[in-house]
Amino acid sequence: MKQGSIMQTTVETRYGKIRGTELSKSIVWKGIPYAQPLAGPLRFQPPQPPEPWTGTRDATEFSPIAPQPILQEQRLGQIFTGKQGKPPVIGEDCLTLNIWAPQDRSQKHPVMVWIHGGAFVSGSGSTPLYDGESLATEGDVVVVTINYRLGAPGFLYLENEGQPQCNRGLLDQIAALRWVQENIAAFGGDPDNVTVFGESAGAMSIGTLLAMPAARGLFHQAILQSGASHAVSTKEQAVQQAGDFWKALGKEQPDLNALAELPFEEIIQAQVRSAEGKTQMSYQPVIDGVTLPQAPIDAVASGSAREVSLLIGTNRDEWKLFEAMQTMNVPFNEEIFAKAFGAAAPAVQAAYTADQRGETPAEVWSSVQTDRIFRIPAIRLAERQIQHSPVWMYRFDWVSPVLYGRLGACHGLEIPFVWNTIEKAATLTGNTSDSHALGRRMRAAWIAFAHTSSPEAEDLPHWPRYDLERRATMIFNTSCAVIDDPEPHTRALWERLM
């Protein structure tokens, strides 16, 4: 490497110097610690600032990913890429972030911080689908991806001397965002223009961060892909789940010392056992009254995120991915449908038929799950936030060509379009000219939002803000269009049901 290149890739943070890798049009730094490793007593404590180092730290390799059930991460990766791949390295030196930045650091660039999904129990910031090189160069932005604690280490409810200790995974995300505020200028990023974006549990995390006092002021725009502010447990629910965890660990009562001393593999095994047979996420944010004072949707309605513009949306057939994976999925029968809706079952069937969301009860059930878990919570969040700040709504309708189209526009399908990693996800997306064209339009909107707080872009129709009168929604498909109040019958139905 040339001396000039070495200087170009070496950056001084407030904790020490790091050296990255020069790419064709950008520079990448991997595995940068934003908090201390989770050794011993720190494993279930709030994140602590990293220890400063001397010399120049090598930042050319990804760090270990957070402790998690590795088969779950591998299985999802196989669905997207068609490749099993070698198991990633798992370890507790995982509270790190990765940065892709344009080579020109003479001016400030908008910052986009990605929070990965994975049902709060799996995933990482180093997943190949989240390779930030293309997004950084195409968008002239600084891209950051992060790891955070998952499952029991991140979200198990604990108490110490009567005080709740939970939401560690969210506190990790906040620590990473604080690190960005303190250090990103050295990488050419603008700390006064930070967009957080995430998908599934990543978007649900963002929907919760909007309500957390400790996160206020750390980001200025937010993009929520297939997730909103609804994935939270009450304290009572969290205490019950914690009881199931301790039983799975073979403990009659909470034992904080055991959590610090046991191999993390045993903790993850107990986490998995404690969630068996449950159809809801067992480990997720908790309304603890301290880090998260109230339900996020209520906090947003009260103006907790009044300074944050939102871009929020869902995929039309979210639930079809879970049907394919057969996870979090109860096999459908008409008895389940009748039990879920009782006397309202005929009205549900009629509304979904009117909106062309299914003809048979099984098809309707898939659409119901899509709406219950993803679409309606997104609409509810938008309705609350438009009282305080601009909101734009989208829906991703592009149908995957694989499996004869049976996956539809399923959960997660939009990710490679946003990241320009379609070729890496060709098993799920195909690799066609129309998919790449749609990807360019979507990235143009995401990039415009990061630069200007508005997703208006040249290759898209005029995109009005979301309001209660029009409910304007950008439909991303082979051709893109704005539709007012798409599928109104089912939206109105859920106003009565929820």
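Glycine is no exception: its Cβ is also placed from the backbone N, Cα and C atoms.
Per TrEMBL, the features are as follows:
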- Ser200: active site, acyl-ester intermediate (ACT_SITE)
- Glu318: active site, charge relay system (ACT_SITE)
- His411: active site, charge relay system (ACT_SITE)
- 8-479: domain 'Carboxylesterase type B' (DOMAIN)
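Rounded to a whole value, the Cα-Cα separation of His411 (active site, charge relay system) and Glu318 (active site, charge relay system) is 4 Å. According to DSSP, Ser200 (active site, acyl-ester intermediate) sits in a coil region rather than a helix or strand.
A simple way to gauge crowding: the CB of Glu318 (active site, charge relay system) has 25 other CB atoms within 10 angstroms, across all the protein chains here. Rounded to the nearest whole angstrom, the C-alpha distance between Glu318 (active site, charge relay system) and Ser200 (active site, acyl-ester intermediate) is 10. Sequence-distant contacts (6 or more apart, same chain, Cβ under 8 Å) of Ser200 (active site, acyl-ester intermediate) comprise Gly117, Gly118, Ala119, Gln225, Ser226, Gly227, His411, Gly412. Taking all protein chains in view, 26 other C-beta atoms sit within 10 angstroms of the C-beta of His411 (active site, charge relay system).
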